[in-house]
Amino acid sequence: MTTIKTSNLGFPRIGLNREWKKALEAYWKGSTDKDTFLKQIDELFLSAVKTQIDQQIDVVPVSDFTQYDHVLDTAVSFNWIPKRFRHLTDATDTYFAIARGIKDAVSSEMTKWFNTNYHYIVPEYDESIEFRLTRNKQLEDYRRIKQEYGVETKPVIVGPYTFVTLAKGYEPSEAKAIQKRLVPLYVQLLKELEEEGVKWVQIDEPALVTASSEDVRGAKELFESITSELSSLNVLLQTYFDSVDAYEELISYPVQGIGLDFVHDKGRNLEQLKTHGFPTDKVLAAGVIDGRNIWKADLEERLDAVLDILSIAKVDELWIQPSSSLLHVPVAKHPDEHLEKDLLNGLSYAKEKLAELTALKEGLVSGKAAISEEIQQAKADIQALKQFATGANSEQKKELEQLTDKDFKRPIPFEERLALQNESLGLPLLPTTTIGSFPQSAEVRSARQKWRKAEWSDEQYQNFINAETKRWIDIQEELELDVLVHGEFERTDMVEYFGEKLAGFAFTKYAWVQSYGSRCVRPPVIYGDVEFIEPMTVKDTVYAQSLTSKHVKGMLTGPVTILNWSFPRNDISRKEIAFQIGLALRKEVKALEDAGIQIIQVDEPALREGLPLKTRDWDEYLTWAAEAFRLTTSSVKNETQIHTHMCYSNFEDIVDTINDLDADVITIEHSRSHGGFLDYLKNHPYLKGLGLGVYDIHSPRVPSTEEMYNIIVDALAVCPTDRFWVNPDCGLKTRQQEETVAALKNMVEAAKQARAQQTQLV
């Protein structure tokens with residue numbers, strides 16, 4: 001008979017009330033000392049594990065918890081430290097310097113964790129790295145929980161194939177050699193766990209879902225080298241986010257268990273299971289509860305799915321678990337959450353997903369009748385949610401059906417539009433601008449809280465927003481920026497703001513998830529059809545424009561980013577949701593243009609993150625993503641300039657799609673890529689308007705004029721001068737005013753110097 005256990009891959013770090021964020025930021029500001037900070041982090045770690053124990057999870061992970069990022073943890077443990085930080089002597093200072101930068105050294109690059117909204121710190125390889133195990137965090141965490149709670153846990157570490165695949169600074173042909181150099185470190189780390197009596201370790205290898213058959217075979221050799229040195233420690237090879245194509249090779253790995261995602265695999269893992277079976281002597285860790293979305297599971301449907309898996313895989317032991325780490329969903333339903341009852345009851349966060357696993361285990365062990373009450377409650381909650389969502393339906397479907405090809409394209413080509421826009425806008429060569437947001441001071445946050453608590457009237461709050469907007473319009477004019485922004489002081493988050501103002505969205509107060517470092521976001525919940533209600537940005541943008549003779553950009557978040565940064569409904573396709581959002585935003589774009597705004601920016605920073613992991617699935621997504629953007633923007637006059645912005649992406653993968661957006665100007669986060677995108681542009685020119693970020697806004701460091709001038713000069717070597725823009729990487733909301741003004745002053749001066757040089761060349 002098959003033994004059934006519940007397992008988890010990872011749990012949110014941030015705490016129910018973002019205590020983790022607050023502890024980090026207090027330490028960075030110097031308002032708490034290191035001992036206090038480490039104690040706070042330890043308490044949060046213990047609390048996260050205790051929650052999983054209390055939910056009766058049989059196999060609880062450790063070392064998924066981190067002070068910043070689990071990939072950075074792995075790098076630092078292996079002494080994988082960039083040269084510019086090796087002079088630092090304190091381990092904690094070094095760790096945070098890599099993530100955040102210091103005065104004389106820029107931070108390491110940050111990019112998306114596969115196709116999620118989580119960002120990891122990219123390890124930087126160079127041949128001078130002296131690999132050694134400097135810390136066994138897995139052992140420390142295992143001991144800490146054993147001491148505190150007396151329970152066995154499952155240490156987690158990023159595997160050698162995935163870790164090196166996610167790194168940069170080496171040629172592709174060098175990857176295998178670097179992976180092999182890491183093998184002795186993995187062996188040392190795992191043997192120390194084995195000597196401690198650890199029973200299971202989880203080695204995460206999500207990169208195997210995108211690996212070629214050759215690479216899966218190569219990774220198998222790594223595991224053969226590692227596990228041949230072990231005797232009693234069981235290794236779980238964990239994959240997630242999709243299926244593994246080289247399945248037959250995967251199930252032959254010399255490990256004691258294999259984790260597969262049966263939620264986001266498009267049914268492929270189950271088909272592989274049916275075709276090739278599964279080793280009966282290995283544990284099958286089946287991801288059957290969605291680790292990335294927030295909707296309550298249909299327990300009967302999920303139970304039947306697990307029984308289907310069991311009927312095929314005659315394994316001695318089955319672990320049921322989330323499809324991925326629960327890092328990507330909120331911690332738990334907050335007792336003070338304000339959502340409508342039928343909506344709230346239809347949601348399931350990390351803690352609730354663990355309860356679903358426990359119920360499924362009971363159904364598997366004792367039979368479906370044993371959880372009949374839970375099954376019926378889940379069905380009732382799902383049906384109530386469906387009825388609630390139906391009540392919010394709109395006329396969108398009819399409008400979408402009436403769209404024609406002309407609704408998805410501008411009337412004339414870019415080159416013709418450019419001439420008209422140059423004449424209409426009257427901008428200088430190498431125009432300077434910012435991406436949208438300016439620092440949200442304590443005063444801004446306090447004003448928003450007073451308004452939300454009804455301590456301030458709408459009029460009081462609007463007067464404050466207007467005053468802050470005017471102050472920053474004046475600052476921008478003093479800095480001599482060419483195209484201004486209103487600063488977005490009325491917005492807490494670029495997606496949240498629109499989620500609150502469009503029909504079909506619900507907005508939470510406490511459903512926070514980690515985006516990067518201490519930054520947490522509350523993704524809107526798309527539960528029904530999305531519909532435009534009334535203008536959302538026109539009033540604030542028009543007010544800002546009234547204060548200056550320079551152009552002020554209208555600022556919107558694009559349909560694909562709103563989709564990808566929300567928790568979308570799961571009863572219709574993502575394409576249909578994106579088109580609904582695009583149609584709603586199209587009306588906002590038209591309202592801005594009708595109000596006299598001549599430059600409108602529609603940000604799509606998350607376009608790439610929505611890519612399916614397998615390249616064979618890309619075309620379908622990229623086609624409808626570009627169509628959704630053009631649906632948003634194509635109704636404007638030829639003289640109206642459409643901008644878009646992207647960040648944290650491997651742009652090389654989507655350059656054709658960027659072109660298909662048909663935006664007049666795209667601004668791109670660039671400084672943390674350390675010139676990588678410029679190298680690409682040398683051989684793949686981009687001929688529309690382009691602004692490559694000249695400084696990193698994620699760091700408090702103020703770059704010099706010379707540094708930014710050099711970046712501009714390097715860019716102009718491969719980019720057309722007459723359509724190049726100068727801008728920071730991203731929005732400046734999280735920065736302080738002093739450093740923002742100083743950096744922008746240097747940026748404008750760098751642009752002036754580059755402009756003068758180009759004028760002399762002409």
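Even glycines carry a Cβ here, placed using N, Cα and C.
Marked as 5-methyltetrahydropteroyltri-L-glutamate binding site by Swiss-Prot on the basis of sequence analysis: R18, E19, W20, K21, K112, R519, C520, W565, E609. Following the DSSP three-state reduction, the secondary structure of W20 (5-methyltetrahydropteroyltri-L-glutamate binding site) is helix. For W20 (5-methyltetrahydropteroyltri-L-glutamate binding site), the number of other Cβ atoms no farther than 10 Å from its own Cβ, over all displayed protein chains, is 27.
Sequence annotations record features per position, and here Swiss-Prot assigns L-methionine binding site to I435, G436, S437, E488, D603 based on sequence analysis. Residue environment of G436 (L-methionine binding site) contains 24 other Cβ atoms, counted within 10 Å of its Cβ in all protein chains. Under DSSP, G436 (L-methionine binding site) is assigned to coil, being neither helix nor strand in the three-state scheme.
The L-homocysteine binding site annotation in Swiss-Prot covers I435, G436, S437, E488, D603.
According to Swiss-Prot, the Zn(2+) binding site annotation covers H645, C647, E669, C730, on the basis of sequence analysis. Annotation for C647 (Zn(2+) binding site): same-chain Cβ neighbours under 8 Å, separated by at least 6 residues, are P605, I668, E669, D729, C730.
There are 24 other Cβ atoms within 10 Å of the Cβ belonging to H698 (active site, proton donor). For the recorded site, H698 (active site, proton donor), the DSSP three-state label reads coil. Among the features that Swiss-Prot reports, active site, proton donor is placed at H698.
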Secondary structure at C520 (5-methyltetrahydropteroyltri-L-glutamate binding site), reduced by DSSP to three states: strand
Spatial neighbour of C520 (5-methyltetrahydropteroyltri-L-glutamate binding site) that is closest, considering only the recorded positions G436, D603, H645, H698 and their CA atoms: H698
For E488 (L-methionine binding site), nearby residues of its own chain (Cβ under 8 Å, 6 or more apart in sequence): G436, S437, F438, M494, Y497, M555, G731, K733
Among D603, E609, E669 [binding-site residues], residue with fewest other Cβ within 10 Å: E609
Whole-number Å value for how far H698 (active site, proton donor) lies from W20 (5-methyltetrahydropteroyltri-L-glutamate binding site) (Cα to Cα): 19
Rounded Cα separation (Å) that holds between D603 (L-methionine binding site) and H645 (Zn(2+) binding site): 5
Three-class DSSP secondary structure - D603 (L-methionine binding site): strand
Residue among binding-site residues I435, C520, C730 with least C-beta crowding, 10 angstrom cut-off: C520
Cα-Cα distance linking E609 (5-methyltetrahydropteroyltri-L-glutamate binding site) and H645 (Zn(2+) binding site), given in Å to the nearest integer: 14
